[in-house]
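Colleague: Marked as active site, nucleophile by Swiss-Prot on the basis of similarity to another entry: D181. Per Swiss-Prot, the feature Mg(2+) binding site maps to D181, D183, D368; the stated evidence is similarity to another entry. Swiss-Prot lists D181, F182, D183 with the feature substrate binding site.
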Amino acid sequence: MPVTIDPRRHSAALFDLDAVVTDTPLDSTVTLVRQLQGIGVGTAVFSTNRNSQGVLTATGLDHLFPVHVDGLASGKVTILVAAANRLMAQPGRCVVVAVDAAGITAARYGGFALVLGLVIGEDQTGHRDTLRNSGADTVVADLGEVIVRTGDRRMSELPDALQTLGLTDDLTARQPAVFFDFDGTLSDIVDDPDSARPVPGATEALQKLATHCPVAILSGRDLADVIKRIGVPGIWYSGSHGFESTAPDGTHHQNDAAEATIPILEQAATQLRDQLGPIPGVMVEHKRFGVAVHYRNVARDRVNEVAVAVRTAGQRNALRVTTGREVIELRPDIDWDKGKTLHWVIDRLHHAGTQVGSASLMPICLGDDITDEDAFDAVRHTDVGGIPIVVRHTEDGNRATAALFTLDSPMHVSEFTERLARQLSDTQR
């Protein structure tokens, strides 16, 4: 399966010196580093036993790596974290490229986002197995196998939807179908997830909008939880990132392939509660199709400990690990996400017959988090094209996004929703 370095999810890439300087020069490694720098992903070299600066200078590669960290006395975890810190990146947003079991293990136990094993030498089969067994997410023989996602823009570069997005002409030709995330989009992010509520005016705006066009909520929360918090009838609700949904008529749907993981997730939740319970501020949220571990209230020097525990549980239980705003989550390892859920809802709207015809839907998607990027991709790649809007924040830095427009806060989402409902009312008179 191809592996992708994605600037929406990854802020930096840390390379073992032995992955960069080899007996046989690897042009693909240099090409990869230049691609990463071209999209704003920082690069660093780490080594436990060599003068990396001298080696890079001697090989003419020093200009590719502004950061290099050596440490004869330090463990590899310490070196990796130091390299991430010098690039001003959190380990949970870093890729590590390592060539041996020690490097892979250190990256896994450092809580790094993506751990790539690079096979060097003759015994590729045995080496691959060693790297995989040490915890590598993917093992490659050449870094030319790594895909670099391009074409996204940084959140700060996007125009504000309230100021620049004019929909009047589109509304006469195409009917919107509007998809909303909940936390960070309709609700402010709060220290206690259980206290999250829609911002003032959001529920009323959703009710107005739903009288004029299809509306859907795509949330990572449990389905029953998000329905209770919003409480607007006659709209679509999808919980657990789309693994479970209800239609406006109350019909229940779920991803049957994920049902077998329900007891596995329950077991993982119990294990994580026991393991992480002594860490002040951690919250383990068990959902029907997921386990979310919130660390917003955890001391910064213990966040990596939380991430390591969750990633280890994911590998142990064959579950997918995803991240979000101060949360790391386990879910079924199935090819399903908010983007596929969005397509699934649109297909059902087409089959049901919309007011202006199945070819004329205009999907609009609003979200703030990494998991919403799958829906943004889906909106942009629908046959008719749509409008992805990211709700801006700084918790992931000025990260890249597939969105085309931005809004500054959930209050602005409420205002945008109210304005869209009003425009539709005027158009449909």
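Including glycine, each Cβ sits where the backbone N, Cα and C put it.
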Colleague: Select the most exposed residue of D181, D183, D368, where exposure means the fewest other Cβ atoms within 10 Å, treating these as the recorded positions.
Modeller: D183
Colleague: Indicate whether D183 (Mg(2+) binding site) is helix, strand or coil by DSSP.
Modeller: strand
Colleague: Going along the chain, which residues six or more apart from F182 (substrate binding site) have their CB under 8 A from its CB?
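Modeller: Expected: A196, I217, S219, R221, V226, R229, I230.
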Colleague: Taking only the Cα atoms, work out how far the residue listed as 'active site, nucleophile' lies from D368 (Mg(2+) binding site), in Å, as a whole number.
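Modeller: About 8 Å separates the two Cα atoms.
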Colleague: Under DSSP, is D368 (Mg(2+) binding site) helix, strand or coil?
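Modeller: Looking at the DSSP assignment, D368 (Mg(2+) binding site) belongs to neither helix nor strand, so coil.
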Colleague: Cβ within 8 Å of the substrate site centroid (D181, F182, D183 excluded): which residues?
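Modeller: Going along the sequence, the neighbours come out as F180, G184, T185, L186, S187, I217, S219, G220, R221, V226, G367, D368, D369.
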